[in-house]
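The structure appears below as structure tokens.
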Amino acid sequence: MLLYTIYLVAIVAEAMSGAIMGMRRGMDLFGICMIGTVTALGGGTVRDVLLGHYPLGWIAHPEYLLFTIGAAVVTAFVARYLHHLRAVFLLVDGLGLVAFCVIGCDIAMSAKMHPAIVVLAGMITGVFGGLLRDILCNQIPLVLQREVYATVALFTGSLYVGLLYFKVDSSVAQLASIGAGFLFRFLALHFEWRLPNFNGDRIRGFE
Amino acid sequence: MLLYTIYLVAIVAEAMSGAIMGMRRGMDLFGICMIGTVTALGGGTVRDVLLGHYPLGWIAHPEYLLFTIGAAVVTAFVARYLHHLRAVFLLVDGLGLVAFCVIGCDIAMSAKMHPAIVVLAGMITGVFGGLLRDILCNQIPLVLQREVYATVALFTGSLYVGLLYFKVDSSVAQLASIGAGFLFRFLALHFEWRLPNFNGDRIRGFE
Amino acid sequence: MLLYTIYLVAIVAEAMSGAIMGMRRGMDLFGICMIGTVTALGGGTVRDVLLGHYPLGWIAHPEYLLFTIGAAVVTAFVARYLHHLRAVFLLVDGLGLVAFCVIGCDIAMSAKMHPAIVVLAGMITGVFGGLLRDILCNQIPLVLQREVYATVALFTGSLYVGLLYFKVDSSVAQLASIGAGFLFRFLALHFEWRLPNFNGDRIRGFE
């Protein structure tokens, strides 16, 4: 129930962040609604298509679309006043990332997947919404370039699967993973942690 | 039967429009055939994958590929003479949009989907071919930016679902939706209707 | 068994080529692992999703992910020394293309698909990994633009299906198709064969 509430808050926040990026690219109202929805629900959609887990979440629960489209429309009209809320956004986005991740792990586990696939399903749920948003905005996905965003998802999913493996109670494992993952994300943002980059300019001979 | 004929004309027109965009991007003959095919059949493919509706249309009917590949090859050789036909193209494309939309609604209804998902399935069928074409051509999808293209699909699908809800005969509902949707598209093109854009440059604080 | 060995060598080579392209785009370690994995396994994934063939290869065999992620990590650290190996890479990549193609045909045949879809499934397996890599790197897919890469896949798949149609023994058909396809690819690289391009600048009137 708590997870469900966090999920709804998270898809609203993701839809708003997608809508803002769409506005920056000059999209019209349809484009803003669609990119908000893809950002919010794209991760779970990719996960379910890859797992063959039908029906998709938003097809079984079309009311999710009301949340994402509503959030995108509201954002379109109030976005200019939102810059005061940037810190709130980043925190809600971080909460969404870890909640999406735990939900994705749950769905893969209910389909009896290998633990590595369970963690991967969590990561896909967390990061593919933003990745599809960036593809639609014609830019190299941010998640591939900087910040330990995907690493937070890897950590959260691994912790969750590990706790369940050691027979920790399911809701305790959820809360602990979400709490620890969110703390990790907060610290990563605060201290601007990065994964190593590699100086690709020094690679020659491959065109 | 009429719907099937319109469908075949529409996939040929969509394949030609995809092929022309591929040629503008310097694609070779394979690229032109592939982008033509993706433009024509991509919307239905995305819809069926999201609905879990297998087999896909062009897998059950591989002859569709003959139409799209043939149209792309012919376009590659005659494209320089086609600019006289621009108005014809826009009209056939508009007819294709509304026909794809009605077909997409039918498929979602046959799978007993929620009315909102039925309309969305129609919209996805209508607009995702062009959206995938634009992603392959490395540009922000036109449908997200301007013209009331997606709005026409929303209108057509909603009208169709509404007419069926009020027990209108199925073929009457098809014809009425296609006619009204096509008229809407024609008026939108003629009067250059646009959805509202939002000045994204004025949004600060979100990087 | 030989095909399986070739497959593993091929996914390692594809993962390395994806990782190198990711490094050139300034991706971090996660991005490099992900783009390597998508390049290696993306073609088979798209094929299986389109055919509705579940579970996907890397979900049934998560150890494939170890190969692709391992190859990407190693590449990240040794890439600057790899330019001596460019010719080796191109050859292994060509071998991978034809092996992927034969494997893709096999999977579509086991699902009793139409021969045209079988050949197409082989082509998709061969070329979609690189295509997804290019989309993630925000560039027009190379396979749509130049070199007879997709043509090699079309040739290999058609030859394989043709040989099986004439009751040639399955392993003989595999070896002959892989051998002939690889020779084709080698000659295409050596003589820089291209498919015809069309001067898209001369097409006016379609915006």
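The backbone N, Cα and C atoms fix where each Cβ goes, and this holds for glycine too.
Just so you know, TrEMBL annotations are computer predictions that nobody has curated.
In TrEMBL this protein carries:
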DOMAIN    B:6-79  domain 'Glycine transporter'
DOMAIN    B:91-163  domain 'Glycine transporter'
TRANSMEM  B:6-22  transmembrane segment
TRANSMEM  B:29-52  transmembrane segment
TRANSMEM  B:64-82  transmembrane segment
TRANSMEM  B:89-109  transmembrane segment
TRANSMEM  B:115-136  transmembrane segment
TRANSMEM  B:148-166  transmembrane segment
TRANSMEM  B:172-193  transmembrane segment
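Residues of the domain 'Glycine transporter' (B:6-79) grouped by DSSP class, helix first, strand second and coil last, total 63 helix, 1 strand, 10 coil. Counted over residue pairs 6 or more apart, the CB atoms of the transmembrane segment (B:172-193) and the transmembrane segment (B:89-109) come under 8 Å in at least three pairs, which marks the two as touching. On the 0 to 100 pLDDT scale, the domain 'Glycine transporter' (B:91-163) averages 92 in this prediction.
Of the ranges B:6-22, B:29-52, B:64-82, B:148-166, the one with the most Cβ pairs under 8 Å to the transmembrane segment (B:89-109) is B:6-22. Proximity of the transmembrane segment (B:6-22) to the transmembrane segment (B:115-136) is established through 3 or more Cβ-Cβ distances under 8 Å for residue pairs spaced 6 or more apart. If one looks beyond the transmembrane segment (B:64-82) by at least 6 residues along the same chain, the residues whose Cβ comes under 8 Å of a Cβ in the stretch are 8, 11-16, 18-20, 22-23, 29, 32-33, 35-37, 40-41, 57-58, 89.
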